[in-house]
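Before any comments, here is the structure.
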Ligand SMILES: [Zn+2]
């Protein structure tokens, strides 16, 4: 609009006067003959005056009690930087710097002109991104430094000079050069010792020093001259004397210097030697009650964590406690790498990380003027090779070879009619039902969970759990909760039978109560846990206390899979008892660190040395009314939903036998943070100096003599699956065609079930058989990642719905033939792995060329799909169910060439792309009907790192356009009906059922015209076509929370000082960082 009164009209004349004066300034500089100091001085005064008169009223407010110069500066500040912006954009900085050089050549230089020039530069500098570079190239650094050195007692001149120096210092190259010229020492001279005189000078000097100390050379210089103890002493003085908290910025500035010095190893060493831990711990503890001092506490905590001597994980090796001998070990594969290390090599910690000392010497002090060009975050994982986005004419296996899969597709075969008449079809169901079901074991007493030796399928245990179980005594009678009505697929006796046929690497012989009793989802809501401010900090302080008060630490090993006598029997009644030697259990070690606090270590996936995240263990021997703290200390991921409202799951046996058999969300004071246990470069993908993360939670127990279980998510064992599949048979009606086959055996000797579900043909007439045979196929799979138990609960929902009696379910069966592999990685599930199979590999990265021996379930599942492609029966939909540990809601990943191209830098016009939008239909329908599903989280981009996942391979090689990964949150929802709630098995099962309903709608949208005359469905469809592409979904989409400070405590990382969110440009060096040269910011 051209509205009158637009403020820019008022500003214009002023701006043009600035420009006019600039013109004069330029003319003067261009004319080498003119060196009239007086003229330059007058001109500078005019510019200052002009700026001064712009904002009269505000200026007057600000000028109260100020000197003239401060008024000018203040008025420049009030103008919001617009005039300064004009000044900078028209080259004012360069002219001023040239003027400075010229003026400095006068002998003696005019003090007043120097003062004015520095005042102007101090104003202009922060607004000019290239100020540091320009100053250096013009030779201005030395002018200012010399002026400073000669006028240390001249406060009036000192302040603007320091202010300019502060801006110079934010440029990393300048910082090194200034350090060489003794500016670090100069700043230390101004900073100490403690005095309340001239605090404004002190503040600027501290900011400058802080910026200079970001350079490793400068930090080292400060250490060499013993400034670390000096800084600590000054900080303590300010802490003691600043009782009214008026000098926060000075105290913060001192900490910022310490923070930067301790970025180098020598600095950390000096800090420890100067008793820095105790000093900062004590001062912080005293600051804690005053909320406004939080920034001090946070920065102190950051420094302490950085300097905390790295501890060794209490393990002999990070290799899994169990090893599985593979039929053959591919050279160069992960297992070969794992076990080919020479004996005696310590894989828990690196021998040294002394590579830092040379780092300081080679510090880069050359300019890279170009580096601010490309700071856009381009995701380089997006597939940009168009050839890899085109369908792959795969080197599929020969059809002769694929014919072995005939037997899994009886319903598609020509002679099916004959078979059905002869009553063959249904007899295949025997396959996964164990042939050796005996009469149920008598399960009296609390020893019930020990399925001792009898089954014949289990060998001796590695950890000596042979003997009879004493706990519980003779008299204890275990009431098995009667859940038959609530849990139609659950049967404790059947579960025990199933366990007997399950093969685990450690030869487990026990059954965990929760799997035996079953889980009845609670009817109450379980909201996301609200995070209490300061939890992380207080946990970290407790960790630091381990160092400050080492005598308080018990360090008592309670449970240890690495020793033969596990579990450690020590019945002094002072410690909890732990156990995880049952299916899907994962706990390697438990160490009692304080009376009610335990450090827990998780076991790596078998034949691997990492991938732990999933946990499932038993605790007993607890006291009622005591708060216990548990720390899982070897977590690997850099962030977790435990920071965003997720709680752990707990199952109480006492509750179960009182009629409430269920997992409930539990735990307070939950948080996830980087800890002080070092991670070897072997475990950190070659990177040195990394740490593990701690997931900590606290809880109370409400029953004496209870046995409780904790898990990462609702457990769902392989034996549970077998039990559910067996019980599904009972849901069969004459109308339902259900067949269960064994697709193959796993490496560990467990069978991988394959289900076929559809409706029986209406009759044996040719037409009906034909309709039956020609139904489109839906191919589903789940649980390739054992730690993603939620995927199994979603799958259970799908299976139960498909076997249901509702009209929707029968329509669905009549519409499709379902092929389902409900557990792609039974071995991983059985053995408590998080990610891998027994081959030590992520099976969802093997789809491009699965090895029949090492990845049989993938090899044969892909074989089924290749077979279908060969007989021209490519499935309409392929979907692999997963769980997502870092996001909320349920969502899908699909594959679209167009959306991939849009997200990448490929010139889209150079390739004429035609793509059916059909891949969006199913997720769109789901977002309309499933409350947990969120379209906004879906992505249809093909990533390079995902090239060998089921989704991408089935899309590209098999040619399934609707090929998906469905990700369910482990945490909860932040939209829809379940917003603010944690997810439970009811919601997960509902999701599985809604997936089926969505398929029915999809059928109506994709089938011949006869089925499509429903107007409302057409509306849905047109709506679907309009949707715009979603943005690429980054791995982590949670915002960092308020207590961000502690994430960046990695020793060698520059930390983003996130606790700064106040004060003006002058008092806040962070602002300066942002405003000045970009070259300071992106050096790593
Ligand atoms: Zn997964």
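Glycine residues also receive a Cβ, built from the backbone N, Cα and C atoms like all the rest.
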Where TrEMBL places region 'Disordered' among the ranges 224-278, 279-333, 334-388: 334-388
Per TrEMBL, the range holding region 'Disordered', considering 1005-1044, 1045-1084: 1045-1084
TrEMBL annotation (region 'Disordered') - matching range among 189-210, 409-430, 431-452, 453-474: 453-474
Cβ packing number for residue 967 (active site, proton donor/acceptor), 10 Å threshold: 26
